[in-house]
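A short worksheet on the structure shown next.
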Amino acid sequence: MVSFIAGLLDATVQAATVLLLAGMGELISERAGVLNLGVEGMMLVGALGGFITTVVTGSHWLGFGVGILLGMVLALVHAFLCITLKSNQVISGVMLTLLGTGLTTFFGSGWVEESISGFPQMTFPLVGQYLVGIPVIGEAFFRSTATDYLALGLLVVVWYFLYHSNLGLEMIAVGEDPEMADTMGVSVFRLRYLAVLIGGGFAGAAGAHLSLAFSQLWVPGMTAGRGWIAVALVIFAQWRPRRMLVGAYLFGLLDALRIRSQSISLTLGPDAPLAGVINPMVEFLMTPQIMGTYPYLATIIVLAYAVIRTKSDQLAVPSALLQSYSRETD
Amino acid sequence: MNVAVTVDAREDSPAWLAYGTPVFTVLAALAVSAIALVVLDVNPVAAYRTMFVETLVTEFGISETLTKAIPLILTGLAVYLPLKAGLFNIGAEGQLVAGALAGTWIGLNVSLPGLALVPLMFVAAAVAGGIWAGIPAYLRAKWDVNEIITSLLLTFVALEIQSYLLRGPMQGGAGNFPQSDRFSEAATIPELFGGVHAGLLAAVCMVIATYVLMTKTRLGFEITFVGSNDEAAQQAGMSKFYVYLLVFVVGGAFAAMGGISEIAGAQGRYRAGFEPGYGFTAIPIALLGRNSAFKVMLAGLFFAVLFVGGSSMEVAFGVPAALVEIIQALVILFLITAEFFKSYRVGIDLKRGPAETPAQPQRGDD
């Protein structure tokens, strides 16, 4: 039982990192008012670019950097279309996911056989070697890849950046009321560009983490919908970094449970009252595919609940999300 | 020297832009995708020749194209109709899957003569697709919950349920593949001509019905009115709630019919992954054909040529068919780029010395 829980926690941490990285990028982009539905495509581009670079150069850190860069390149297209050309953010995002999927399937089919030495498992710097011995949680939290630690560190940075730095607060202002921000002398266009590019970089990092640390191989379409879950996660977290930490671990736990659900038995004994009704129901709810719907359903419920329960002026959703900004020139 | 880029809104866009844009965007997308072909050492001219010419001159190619066009046209309508009311249905994929599952269940478990069974499968599919689309529609119409997010997320729920059913209760056939049993003769959509099944009739009928609805009826006028100004429409006594619900539910039913006709007409059984994301391709289709239901049909045919041509190219040149996805995405990315130039006039002034009116905002470096 203890080893089962330890394994479950370990898988949770691993699954959560991908969602955290991609989710943080999406959070920053949406906070500045730009919805990015291209995350899945940007992750794939980052995953393949990082993988190829690592195969060719042998350096996984260089691969990680290239992954980030490629995510930003795709995000630049999104930024140009949505901010400069004021195009529809939904269309641009969905098409960039399609483009990223197409490009990586097209050019990535030859790299499936390759193997790399990606990010190794390591104990947390300095204190990890003492803490890794803690029963149950030690291995999960203090023996991971460098990118797992990086993601958690970046979450603190993102939180501080958004709420305690001028640039971050200006970014939030741009997402809430671009006209007001413009009047106050904040460059709406520049900050939105910056936010979308940071978002793309995070998505690329999430993809590179996936191919260089998580699975250490490349398969076309290997993100398997994690980009969409990251989009859901931001809504689930109501656009708040701290809640996103909780949400990422919750969704990560679901993912970890889902793979192991066959080995969990939660059924009641045959003599228990209502066992005939409850057992098949529990069994159904624990099917891997049915468990796969929970993050999406939970997000829809959270979104609907938040919208219905809250007055619109208190809602956490950035007020200017999906709205392109143009200055009145006359 | 000072370069000032000015952007002014156009009063109305010139006619040549309106007609030239779709053609230009397709050509531009093909030209850029040619780079990908060159990188893989394939002659783009020969590849495009296989892709388009051979698809359009052989009997097999035409029949395949018409068959593929059926679900594409129907899902295209599923995005087109809500778009007219100002709503974005990006969950046509989920509605297609929900409908296809319900229709398949009827086809496998109800025994009736073919004349009654196939229509019943369509009705079951339409109901399921309508319900699946009804959830985001109701949330939007009643409480203003963003329909883009909810319809998108429900797509992934539908895909998981599909995977569950095809590995569990609906799994059939030899081996342990995620697929259903084969349909009986009665549950199969009959052939119309030359290998094209009668689902084509359904698709064309729905195009005509949508066209009539949008151009000849009061309801169509209300949909357009709500789409262009929902507040004014409500002041004029129209029900936004009703219009929102209607366009989405009918759209979902369209997508569902596309799903069941592909399975009962072309596939013969429900296979997981039976379709390469028609519900997402529906978004470019609806955008290209956004002016009229008949243009949706044309756009659907065009994307069908792309899909069929893409697989013949894969066979002939060993090039991944994923090129089709790249072309699709580029067509739309160029289209929305062109939209900008359709509605704004961009002028570039080359001036010597400092700009004469420094107060004028410069947009070039935004």
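Glycine residues also receive a Cβ, built from the backbone N, Cα and C atoms like all the rest.
Quick look at what TrEMBL lists:
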TRANSMEM  B:16-40  transmembrane segment
TRANSMEM  B:60-80  transmembrane segment
TRANSMEM  B:114-135  transmembrane segment
TRANSMEM  B:147-166  transmembrane segment
TRANSMEM  B:192-214  transmembrane segment
TRANSMEM  B:241-260  transmembrane segment
TRANSMEM  B:296-313  transmembrane segment
TRANSMEM  B:319-341  transmembrane segment
Stretch in B:16-40, B:60-80, B:114-135, B:192-214, B:319-341 most in contact with the transmembrane segment (B:147-166), if contact is a CB pair under 8 A: B:114-135
Maximum Cβ pairs under 8 Å to the transmembrane segment (B:319-341) among B:16-40, B:60-80, B:192-214, B:241-260, B:296-313 is reached by B:16-40
With Cβ distances under 8 Å as the criterion, find the stretch in B:16-40, B:60-80, B:114-135, B:192-214, B:296-313 that has the most pairs with the transmembrane segment (B:241-260). B:114-135
Which listed stretch (B:16-40, B:60-80, B:114-135, B:192-214) has the most C-beta pairs under 8 A with the transmembrane segment (B:296-313)? B:60-80
For the transmembrane segment (B:60-80), name the stretch out of B:16-40, B:114-135, B:192-214 with the most CB-CB pairs under 8 Å. B:192-214
